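Enquirer: Got these off TrEMBL a minute ago, pasting:
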DOMAIN    2-124  domain 'CMP/dCMP-type deaminase'
BINDING   54, 85, 88  Zn(2+) binding site
ACT_SITE  56  active site, proton donor
């Protein structure tokens, strides 16, 4: 039996890759209905000079290639260290993601209750959402990243 913590740890490993590349440390993993990893990503907005290169979008692109379909099969789950923004949530809704597992809230741009609640609107698709899986670890890497950026700016 696979646990939410196992897949969130992998998402955190992806967030650490973003951190090492000077990107906002967000990581994502898409798991298919048979508990296989079908897509992974970490933020690459700066390195790719692409405002859509969020962890969720990169993972979704990999999963779409894996399935050769723009929609994910029933039972698919996304594990992400930070609550998705409205762009990412829109893509996940179009992909028909069934389960969204979030590490920590984003009170500035989150679209799943942190700032907005788009996922609970009267839409044609609804996903099961769980928040707070490994929240402390997911929050801490973000705090460390921004703390270090402030120190560099102060020098």
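Note that Cβ sites are derived from N, Cα and C of the backbone, with glycine treated the same way.
Remember, TrEMBL labels are computer predictions, not curated facts.
Burial and contacts for the listed features, if you can.
Expert: Note on the domain 'CMP/dCMP-type deaminase' (2-124): its mean pLDDT in the predicted model is 95.
Look at residue 88 (Zn(2+) binding site): DSSP puts it in a helix.
Classification of residue 56 (active site, proton donor) by DSSP places it within a helix. Counting every protein chain shown, 28 other Cβ atoms lie within 10 Å of the Cβ of residue 56 (active site, proton donor).
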Enquirer: Within 10 Å of the Cβ of residue 85 (Zn(2+) binding site), how many other Cβ atoms can be counted across all chains shown?
Expert: 22
Enquirer: Do you know offhand how many angstrom separate residue 56 (active site, proton donor) and residue 85 (Zn(2+) binding site) by C-alpha?
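Expert: Cα to Cα, residue 56 (active site, proton donor) and residue 85 (Zn(2+) binding site) are separated by 10 Å.
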Enquirer: Could you give me three numbers for the domain 'CMP/dCMP-type deaminase' (2-124), the DSSP helix, strand and coil residue counts?
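Expert: Counts, helix then strand then coil: 42 helix, 25 strand, 56 coil.
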Enquirer: With an 8 Å cut-off on Cβ distance to the 54, 85, 88 Cβ center, who else from the chain surrounds the Zn(2+) site?
Expert: 55, 56, 57, 84, 86, 87, 89, 91
